[in-house]
Ligand SMILES: NC(=O)C1=CN([C@@H]2O[C@H](COP(=O)(O)OP(=O)(O)OC[C@H]3O[C@@H](n4cnc5c(N)ncnc54)[C@H](O)[C@@H]3O)[C@@H](O)[C@H]2O)C=CC1
Ligand SMILES: O=C(CO)COP(=O)(O)O
C-alpha cells in the first residue's frame, strides 16, 4: 500500500463552512439524478430516489442489464421479486445517464471506483454533487471513497457526500422502514442530498462527520466477517455479543484516531449498521465470514460469493492505517489471519479467552471510566496523548 493520505486530521476541520455557492435546484420539476451501478445497492438506492420523487437515470455496465431494468422494471439478478418504479430509467450509455444530473450517486465495488471516475470526470456538470454509496477503502492507497472521488474528479469536498447506515438492500427494496445518514463537510450539501434520498420508507439524517460516517461503514464490514466466522464455527450468542461490543470499541478507536467524532460511531453509520450487518444472513460480509468459519479458503469464498463483500479487501489497508495511528484492533487482526489461512477459525476470539498479565479495563487502560472509543489505544501513543494529554 502506498503511504495513505492523512484522513484530514482534526475534528475541527470535519465541520467546514462551504465556500462555494450552489445554484439552488428548482423546487417544481423533479430533480434529475444519476445512479451509477445496478447491483443490489445501486438499484435499491435508485428506487429510494424515484419513490421520493426524483427523476432517476441509472447506468449499468452491461447493455442487457440496463435494457432489462428499462423494459421489465426488474433487476432479477440482484433483487429477485422486486418491481421497480415505472419512472426509473436505465442505460449503458454513461454520458446519457450523467448529462443534466444535479446529483450523481455511485454504487460500484470500491476497488473499481477509480477506473470508473476517469470516465465520469469529463461528463460532470460544474456544480454536480457526487455521492458515494460505497463502504470500502481503496486497497492500494487506503483512501476512503470520498477521498478517491475528490482526488480523481478534482472537485471541492463541499460537492461530495456519502450515504451510510443500516441499509441491507433487499429489506429496503421491499420497502421495510429504514434510516440512513447523509454526510458532507458542507451541511447544505448533506441536506440537499438528504431531501432527495427520502420517502415514506427511508428516513435520512445529516451530519458533517464524513470520516466517521465512511469509516463506520467500512469497519462494521470487518466485524461482520468476524461474526460470520463465529457462526461458521458454531459458537453462540455470548461470543457474538462480546465480539460486537468489543468490535464497536475497535471501530470507534480507529475512526477517532483518523479525526472522526466518537458519537458518529454510536449512531446509524456505526452501531446501527453494525447490528444490521452482524445479525443478517443477507449480509455478504457475514456470509463470507461464515464460509471462512466453515473452513473454506479465501479463493473458494470469493468464487462462491455472487456479490461484493467489501470487508475482504478492506482488512489489510485498515490494519496498516491502524498500525500507523497506534490503534490496536485485535478482532480485525484475527479476521486477517483467518483470511490469510494462518489461523484456525475455531481459535477466533483469543483476545477474549487469553489471560493477560492483569485484567484490562473495559473502558480504558487506566481502569477509570473513559469514553467509548478509548478501550484499546496504546498508552503513550500519539493518539493516547491527544485524548488524555501526556500527564496520564
Ligand atoms: N447491498 C447492500 O445492501 C449495500 C451495499 N453497499 C455498498 O454498495 C457498494 C456496491 O455494492 P452492491 O451494489 O451491493 O454490490 P453488488 O455486488 O450487488 O453489485 C455491484 C455492481 O457493480 C458492477 N460492477 C462490478 N465491477 C464493476 C466495475 N469494474 N465497474 C463498474 N461496475 C462494476 C456489477 O456489475 C454490479 O452491477 C459496496 O461498496 C457496498 O458495500 C452499501 C449499503 C448497502
Ligand atoms: O452495508 C450493508 C448494510 O448496511 C450491506 O452489508 P453487506 O455488504 O455485508 O451485504
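Using the three backbone atoms N, Cα and C, a Cβ is placed for every residue, glycine included.
TrEMBL has this to say about the protein:
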type     : residues                               : note
BINDING  : 37, 38, 39, 40, 41, 42, 169, 284       : NAD(+) binding site
BINDING  : 40, 41, 61, 62, 78, 135, 169, 284, 310 : NADPH binding site
BINDING  : 135, 165, 220, 273, 283, 284, 285      : sn-glycerol 3-phosphate binding site
BINDING  : 135, 284, 285                          : substrate binding site
DOMAIN   : 209-348                                : domain 'Glycerol-3-phosphate dehydrogenase NAD-dependent C-terminal'
ACT_SITE : 220                                    : active site, proton acceptor
REGION   : 347-377                                : region 'Disordered'
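Ligand 1 lies under 6 Å from the Cβ of the following binding-site residues, listed in sequence order from 38, 39, 61, 78, 165: 38, 39, 61, 78.
Note on proximity: among 135, 165, 273, 310, the binding-site residues of the record, the Cα nearest residue 42 (NAD(+) binding site) is that of 135.
If you measure from the Cα atom of residue 37 (NAD(+) binding site) to that of residue 283 (sn-glycerol 3-phosphate binding site), you get 19 Å. Of all the binding-site residues listed here (38, 39, 40), 40 has the Cα closest to the Cα of residue 283 (sn-glycerol 3-phosphate binding site). In sequence order, the binding-site residues near residue 78 (NADPH binding site) (Cα within 10 Å of its Cα) are 41, drawn from 41, 135, 284. Across the annotated binding residues for sn-glycerol 3-phosphate (135, 165, 220, 273, 283, 284, 285), the two most widely spaced Cα atoms sit 16 Å apart. Listed binding-site residues: 38, 39, 42, 169, 283, 284. Those with a CB atom under 6 Å from ligand 2: 283, 284. Counting Cβ atoms from all protein chains shown, residue 40 (NAD(+) binding site) has 24 others lying within 10 Å of its own Cβ.
Maximum intra-site Cα distance, NADPH binding residues 40, 41, 61, 62, 78, 135, 169, 284, 310: 23 Å.
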